[in-house]
């Protein structure tokens, strides 16, 4: 009986072996499962020897898929593995969830858009935008102030010309540059505060233009000073690297760079840092330029529409909770304002740093197009400020941070000095046009110093990135509401909320 059972078992093993050979075209996993099934213990008919379950006959259909023939199903269908959402699984393809988030975002904002239209109607009025720039159609103070900035450009050029030939001493040249740069800061501010016909929006454009001019001429003065110092040491200066061919013939050295053509190219170039030889693109790409111009036009209209249709009603309805000091309503209005404010800020970033600066760079064949880096991946506040506005960051490092380190300042003092400078310009561009000084923008910028330490100390990785996004989404609406509230209190009666 036992011998018969053993013989039967042997025959069954050979049969299982034969099936696995016939199905040899299948994957190795299937062969292992057949082999495991053949040797798995089971009681035979006589109970004196293990009898394996018959292995399934695996075959391939014409499409190459595995099909199961006659026999029992596989005994093993589980293996050691983690759930996909577990960190140990190594799974990282969440594209479908990302698409779901985008769909939910679109649907949520579509509901807000419809709610806004039903509640307020269509508020977009392109003609009204003109009144933001001009009170009197016969008085154009802001454009006149911007045109007058050429006086300071010519003054800086003439100072450098005389320094190059030795007609001025370095001390006298420094004094004249300080006077010129100080006037650049004070002159437009005086116009914005004293001329009644200039509008707040016109003042912002004028002050922004003069602030850019200040940074450019500061860099122009520094680079020419470095060239003179190098010339004194080496008796011959060439700031560019030695190259051969046509590039070598086009390279400019000091003082040959002191021309109006060179200076005005720098004034219009999308950079704040002066060089004697800028990288140049070989040609103007017309299709690329056309795309950027169309983006500029489209996003300009989109920003104006969102401000008129979405932000203005929300801000107006936020005045009464501020007046009544209704904190729960203030928080609700703050969160309601955060969405359109942040969306407009993101659109402005793309419009200015990608569309506008690339369009200007393409026209001037300016080769360095790194106007921003991946600030959206910032895991710290410091990384965000270092990567979202590259022209300003380069200027701060080159003309402020490193000179302070060379003069013996610590890194912490130098960083604080950079934030102080940035805080001054933020307050300058907000308080002067509104003709009120509340220091909200200055305080917000200086608060970035302890905030950077807190985020860097307690938040890492994705949590740090989330903390940066929260400060961007919530922080800006707070400043906007503070200034708008104070401006309405000073100039108008607070409107009653709807």
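Cβ atoms are placed via backbone N, Cα and C, with glycine included.
Bear in mind that the values here come from a model prediction, so they are computed numbers and not experimental data.
Annotated in Swiss-Prot:
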REGION    1-66  region 'Disordered'
REGION    1-100  region 'Involved in homomerization'
TOPO_DOM  1-92  topological domain 'Cytoplasmic'
MOD_RES   20  phosphoserine
TRANSMEM  93-127  transmembrane segment
REGION    128-139  region 'Extracellular loop 1 (EL1)'
TOPO_DOM  128-139  topological domain 'Lumenal'
REGION    140-498  region 'MBOAT fold'
TRANSMEM  140-165  transmembrane segment
TOPO_DOM  166-170  topological domain 'Cytoplasmic'
TRANSMEM  171-193  transmembrane segment
TOPO_DOM  194-200  topological domain 'Lumenal'
TRANSMEM  201-232  transmembrane segment
TOPO_DOM  233-284  topological domain 'Cytoplasmic'
REGION    235-287  region 'Intracellular loop 1 (IL1)'
TRANSMEM  285-319  transmembrane segment
TOPO_DOM  320-326  topological domain 'Lumenal'
TRANSMEM  327-364  transmembrane segment
REGION    365-410  region 'Intracellular loop 2 (IL2)'
TOPO_DOM  365-410  topological domain 'Cytoplasmic'
MOTIF     371-377  motif 'FYXDWWN motif'
BINDING   385, 386, 387, 388, 389, 390, 391, 392, 393, 401, 415, 488  acyl-CoA binding site
REGION    391-405  region 'Amphipathic helix (AH)'
TRANSMEM  411-431  transmembrane segment
SITE      427  site 'Important for catalytic activity'
TOPO_DOM  432-439  topological domain 'Lumenal'
TRANSMEM  440-458  transmembrane segment
TRANSMEM  461-492  transmembrane segment
TOPO_DOM  493-498  topological domain 'Lumenal'
DSSP helix/strand/coil residue counts for the region 'Extracellular loop 1 (EL1)' (128-139): 6 helix, 1 strand, 5 coil
Among the ranges 201-232, 285-319, 411-431, 440-458, the one whose Cβ pairs under 8 Å to the transmembrane segment (171-193) are most numerous: 201-232
Long-range Cβ neighbours of the topological domain 'Lumenal' (194-200) (under 8 Å; 6 or more residues past either end): 131-136, 139, 141-142, 145, 206, 433-434
Arithmetic mean of per-residue pLDDT over the topological domain 'Cytoplasmic' (1-92): 54
Longest CA-CA distance among 385, 386, 387, 388, 389, 390, 391, 392, 393, 401, 415, 488, per record bound to acyl-CoA, angstrom: 39
Seg_contact(the transmembrane segment (327-364), the transmembrane segment (411-431)) with at least 3 CB pairs under 8 angstroms, min sep 6: no
For the binding-site residues 387, 389, the one whose C-beta sees the most other C-beta atoms within 10 angstroms: 389
Long-range Cβ neighbours of the topological domain 'Lumenal' (432-439) (under 8 Å; 6 or more residues past either end): 189, 192-193, 200-201, 203-204, 207, 482-483, 486-487, 490
Distant-in-sequence neighbours of the transmembrane segment (93-127), which means Cβ under 8 A and at least six residues beyond its ends: 301, 304-305, 308-310, 312-313, 339, 498
Residue 427 (site 'Important for catalytic activity') versus residue 389 (acyl-CoA binding site) - Cα distance in angstrom: 18
Cβ packing number for residue 385 (acyl-CoA binding site), 10 Å threshold: 22
CB contacts for residue 427 (site 'Important for catalytic activity') [other CB atoms within 10 A, all chains]: 19
Structural state of residue 389 (acyl-CoA binding site), classified by DSSP into three states: coil
